[in-house]
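Worksheet: one structure, shown below.
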Amino acid sequence: MNGKHVTKLGFEKQAVGLALSAAHDREARGVSRSAILQELRDVQADPDAYLHDATYAPLASHLRAQAREAHARRGTALRTEPLPYDVWGAHLIDTAARMQMDTAMRLPISRAGALMPDAHVGYGLPIGGVLATEDAVIPYGVGVDIGCSMMLSVLPIQHGAVKTDEAVSLLKRHTRFGAGVGFERKAWRGHPVLDERTWQEQGLLRHLHGKASDQIGTSGSGNHFVEFGTFTLDQADLGLEPGTYLAVLSHSGSRGFGAQVAGHYTRVAEQLHRHLEGPAKKLAWLPLDSDDGQGYWQAMNLAGRYALANHDLIHARLSEALGVKPLAQISNSHNLAWKQHVNGQELIVHRKGATPAAAGQLGLIPGSMADPGFVVRGKGHAAALESASHGAGRQLGRKAAQAQVPKRDVQAYLQDRGVTLIGGGIDEAPQAYKRIEDVIREQRDLVDVVGRFDPKVVRMDTGNEDI
DNA sequence: ATGTCC
């Protein structure tokens, strides 16, 4: 037996050496050449069956790894030209975000996409990007804050019946903000999501259950907030009479748990796609039918449910402190991937900072710390992959905002609108965001406005510089 | 977005 016999069977690279070494082993045991060649063909045909074989295990395990890599690289070259996609509010979107979306539309797994009017640059896929892929999921197509979401509770309380001081005190007592933060032991409350069996189904999830439990019911940093405000309905909807109500609006995500899930699977995806370079590097994907693809899908969906559980507890604590039950509650995730039929085909639709807006579907689109947010109803626009913006979108990056926006301008903006702010930073200044009215106007074909929320008392994490 | 490297 020599290398020629083995390469003739189709073994490549390191597999040649491993096959040869196994063959010599069998020869030494007196097995005939033709029998050995048949054994090698059998291992080749079904490596899984030989993973524990005394002679062929190393070869079998290597063949399996080769097959996985080949599977991951299947059709791996980028298209020369991006697939066409529609853009809403193009004049509000900078070139860099458009270029990121172009790169995403060149991936071999991409089938359709759209850019929302709040779009701006992110890692990999731009924020405000919607991307449909076939049989593959991109961790950075969902983003770091997996399951980041909104929730609104409309309360059976006259607006104005809760004074500013009381609202400030309620927010300080019943919400917690910031990286690594959880409720203190005596104030901690659990949630059924923490009892799901899913946590036991992956090593990574078992490992992160403690952190998730510590941080449940809290808000993060950056653009996350919890606020009291007035909710105005011009006509009866949501089971409510027209009028102005006291309401709570929150923006929160999956905290450290989701961030670590994102980090882990992004590394796995990048390892699988070492050939991806430049702007495409962060768009590395996982085949959905691979162990890692399934693992990400399971962890991502758990992070989505966990993020909504955080909102549940935020709203439960505040409602209970006021001694009321919400009249209506609305929520939606805007950083997640869904299985969705697109032109009759089931695809994976990534929304990274985009609100699901199927026909009739309710959603929440916030403005900024001192600008209105809107309850919207989707119109199911096919070219937008049934999506809308997730907010106003950044106009200035965090650093640019710190450098350009004077603190007194932010204070004046807040004062003009009668907004009281706890925490917050210049990087979250209203002046750093696009005008929400412009963004809503650009997507009138994607959503109808149902009602309007005006923030009055806002709590955020403390930014780099307080306002 | 995240105790910004499992």
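From the backbone N, Cα and C atoms, a Cβ is placed for every residue, glycine too.
Where the annotation comes from TrEMBL, it is an automatic prediction and has not been curated.
Applying an 8 A CB threshold to same-chain residues 6+ apart, the list for A:HIS390 (active site, GMP-histidine intermediate) reads A:MET116, A:ASP118, A:ILE127, A:GLY128, A:HIS334, A:ASN335, A:ARG351, A:GLY353, A:ALA354, A:THR355, A:ILE365. What TrEMBL records for A:HIS390 is active site, GMP-histidine intermediate.
For A:ASP145, A:HIS224, the entry in TrEMBL reads Mn(2+) 1 binding site. Every protein chain considered, the tally of other Cβ atoms within 10 Å of the Cβ of A:HIS224 (Mn(2+) 1 binding site) stands at 23.
Look at TrEMBL and you will find A:223-227, A:334-335, A:366-369, A:390-393 tagged as GMP binding site. On its own chain, A:MET369 (GMP binding site) has A:PHE225, A:GLU227, A:LEU414, A:VAL419, A:LEU421, A:GLY424, A:GLU428, A:ALA429, A:PRO430, A:PRO455, A:VAL458, A:MET460 as residues at least 6 apart in sequence with a Cβ closer than 8 Å to its own Cβ.
For A:HIS251, A:HIS334, the entry in TrEMBL reads Mn(2+) 2 binding site. According to its DSSP assignment, A:HIS251 (Mn(2+) 2 binding site) is in a strand.
The local packing around A:ASP145 (Mn(2+) 1 binding site), expressed as other Cβ atoms within 10 Å of its Cβ over all shown chains, amounts to 24. Long-range Cβ contacts of A:GLY393 (GMP binding site) within its own chain (separation 6+, distance under 8 Å): A:LEU92, A:MET116, A:PRO117, A:ASP118, A:ALA119, A:HIS120, A:ILE127, A:GLY128, A:GLY353, A:TYR433, A:LYS434, A:VAL439. Separating the Cα atoms of A:GLY391 (GMP binding site) and A:HIS251 (Mn(2+) 2 binding site) is a whole-number distance of 11 Å. Reduced to three states, the DSSP call for A:ASN335 (GMP binding site) is strand. Cα separation, A:ASN223 (GMP binding site) to A:ASP145 (Mn(2+) 1 binding site), rounded: 11 Å. Comparing Cβ neighbour counts within 10 Å across the binding-site residues A:GLY367, A:GLY391, the minimum falls on A:GLY367. In three-state terms derived from DSSP, A:ASN223 (GMP binding site) belongs to neither a helical nor a strand segment and is classed as coil. Here the CA atom of A:HIS251 (Mn(2+) 2 binding site) lies 5 Å from the CA atom of A:HIS224 (Mn(2+) 1 binding site).
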